[in-house]
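Enquirer: What follows is a single structure, and I will ask about it in a moment.
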Amino acid sequence: MTGFNWRRLGGLSVTAALALSVLTTPALAADQPAPSNPAGAFAGLFSPDNPELAAFQDLQGSNERVRVIVLLKDQSRLGSDTGEAQSLATQEDLVAQWSEKYGLQLERQFGYLVNGFAATMPADKMAALEAEAAVASVKRERVYQTTDVAATERAADISRAVAQSALAQNAGTTQALAQGALATQPQENVPLEDASRDMQGAPAALADAGADGTGMVIAIVDTGIDPTHRDMRIDNCDTAKIKNINTAANPAFTCKVPNGYNYADDNFEIVDTTSSMHGMHVAGIAAANGLDEGQTFATTGRVEGMAPNAQLLAMKVFSNDPARSRGAADGDIIAAIEDSVKLGADVINLSLGSDNGFGYSNGAGLAIEEARAKGVLPVISAGNSGLNFSPSGGEDDMFGKWDDGVIGSPSAHDATLSVASIDNNFETRSVARVTVGDKSEDIFYELATGKPDNEPREAVAAGTGKPEEFPENTAGKYALIERGGITFGEKFGNAQKAGAAGVIIYNHEAGGDSMISMGGIDEYTFPGGVMFRSDALRLVKAIEAKTPVTIALTDEARTTPSATAGAPSNFTSWGPTSNLDFKPNISGVGGNVYSTLNSNTYGSMSGTSMAAPNVAGSMASVLQVLGERFPDMSRADRLSLAETLLMNTAEIPRHDGVPYAPRQIGAGLVRVDHALASQVHARVDGANSVALGQVNGPVSFTVTLTNHGDKEAAYAIPRQEVVNETNNANDTTSTFISKETLTADRKVLTVAPGETTQVTFTLTPSKGNHFVEGWAVLEGVQETPDIKVPYLGFAGDWNAEPIFVAPGQTWGEGNTSTSS
């Protein structure tokens, strides 16, 4: 693109930044056995003997060079090309002054949404630089990970037996299933195509309102996009918002993906060449366009996203260098957000983060705030850590603490739409064709490296993959290897040395019957995948009994009903923030999502990384239709209305009639059809949710309803439900309907076109420390959609719960320090 300055780098050496938080570990860089005593993992974290903590403390007073984000005090010239040019010129003058004094080396500049820069400098000079009159802050650069669990790393995975039971009970199943086997043909009554689209109302919104993302742009700030994929297309390029396709920089750019940049490597290579392909999966969920009218996934194998006619910007912030590909630096993310706004994005999807986030205004936070102020919504995944203090990363809290929210950063920021994950109604996975003796069956597998070739090969059992465990006849065969003992990279390397044709990893006993995610294997090109432990053990047992076993890794996929359809994903990070802000905001389908991968391939992944683009695509479609209905509305007002409608009309998931906790699912599952059908939107003091904070008696809030349509809307106010949670140490957190009351000052109301009406709700909590949460519900009369406003508070003393233990004590059930 002529005249567009992508680089803004002071030097071409982009170094890997150091992740500071000792609570956040890189995502599966190596296979590590689960600790036998989970409490010990926490207890040792801040021990003087912890080498990571010691290294971090030593670094603060050392002259070792670190990467920092420097924000300047003057943030008054933001949002214009002229202001950006002035800010960059001022920065260059300041850096010239500070370069020798503080050993400062400029890495990247910002000036459109944020006045600041990324640089390297000695750690022991940070405080002195921060004392300069022009400087607002000098902070160590944060590093974020993607928030997927690759359909495998779920902390409390569904057992294979449960999944098979659900399949066997499906009304359309006529074939008896052998233990561990799948139906070899898709079931005719299972809607294989677009399961998550159906759940989120996309087909209905298209039919009723023409909602398909036409004229909208979604920036994918992630690992990269393959623009050549057959499903990366637009029905009519004349309807696209961005007309200037940057083929001068990269011939692969198209009207679907017209522009992008690789900030991590400072070039225009926007395809993810690692085994991750995370960004490509995210891009497909948001806006894949693989199906023509009348076509289905079952007949074509192709997929459709939530906004199939939206354009995508490939804003790559994860490196293609395997040594640096696991983290995205703050500076690259800030630059990607700035450029997304400048290029015309309507929505920015960030499926990344770090745990235990805070909403304070660091560099990325400021960029997010300014993007939103310009009418561009950052949609960000909430994280995949379940509850804090959960040994499994799920819904169990080993200490029974109330302050167990672990919502991720930057999702915790006020200006974002923070997205939790709901499990898909169906699971789609790759299948391997296995022959044991004279019997054949299909079993699930997931490929991590290489490509399937459909060729049957003999399998050998190779223990945990140590050199001495490979049989002498391994050459040309698939090696079945158990997780544990050594890293995944070492397992793959040893298999390669033994001449194996490929590797199939299965979980160790402590990990359970789940597929696992692997890191450190990007250099390997032979087929390498994972399989359920129960399946692999049956094959190993047969091999040990001298029964021939062959495996063919196919490019076929099978879809089966999910045992947890429509429930919150076990891994989704709970809120609230530490100051009781309402987070997450909303949910999208993120558990078991089938989407695009590089080179016209597809696969399943799970994570809030997958939930976020479902919401981002929904937002793009709603913005499209609102733009058509209200052409004179400002971008900022249109964004605000779209966000409110999506939260007001979200579907509340329930278990045995009881709603799940708003601090787990936000407003509920996004329903784009309901949002576009509603002529009324509801807010409380201008907000889409109610953060009550600490409450110790009756508290009231007033819901203001505004009719932005052309017809009168009527509502009845039913008996309200107040949701409480269990909170027992070493037990799963669940919800129940409380005897507490939420009452309204009216029983019925109508809202005329262009008018506003108010109703006041009063919450009366009981005594004792606990969360009080739920929805203020107004039921639409006749065809009027229901309106729901979520609320969250804490009854009791939020600050009374101890967070430190006395010397010599440890956390754990029965310890008096955990009793409040």
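Note: Cβ is positioned from N, Cα and C throughout, glycine not excepted.
Just so you know, TrEMBL annotations are computer predictions that nobody has curated.
A quick note: this is a predicted structure, and the numbers were derived from the prediction, not measured.
The active site, charge relay system annotation in TrEMBL covers D222, H278, S609. Positions annotated as domain 'Inhibitor I9' by TrEMBL: 68-146. The domain 'Peptidase S8/S53' annotation in TrEMBL covers 213-668. TrEMBL lists 456-538 with the feature domain 'PA'. Annotation comment: TrEMBL describes 690-792 as domain 'C5a peptidase/Subtilisin-like protease SBT2-like Fn3-like'. Annotated signal peptide per TrEMBL: 1-29, in sequence order.
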Enquirer: Measure from the CA atom of H278 (active site, charge relay system) to the CA atom of D222 (active site, charge relay system) and give the result in Å, rounded to a whole number.
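Expert: Rounded to a whole number, the Cα-Cα distance is 7 Å.
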Enquirer: Translate the DSSP assignment of D222 (active site, charge relay system) into the three-state scheme.
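Expert: The residue in question, D222 (active site, charge relay system), is strand (DSSP, three-state).
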Enquirer: Any idea what the model's mean pLDDT is for the domain 'Peptidase S8/S53' (213-668)?
Expert: 93
Enquirer: What is the interatomic distance between the Cα atoms of H278 (active site, charge relay system) and S609 (active site, charge relay system), given in whole Å?
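Expert: Counting only the Cα atoms, the answer is 8 Å.
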Enquirer: What counts of helix, strand and coil residues does DSSP assign across the domain 'C5a peptidase/Subtilisin-like protease SBT2-like Fn3-like' (690-792)?
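Expert: Per DSSP, the residues of the domain 'C5a peptidase/Subtilisin-like protease SBT2-like Fn3-like' (690-792) fall into 0 helix, 62 strand, 41 coil.
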Enquirer: Using DSSP, how many residues in the domain 'Inhibitor I9' (68-146) fall into helix, strand and coil?
Expert: 30 helix, 28 strand, 21 coil
Enquirer: Looking only at the domain 'PA' (456-538), what are its DSSP counts of helix, strand and coil residues?
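Expert: The counts are 22 helix, 19 strand, 42 coil.
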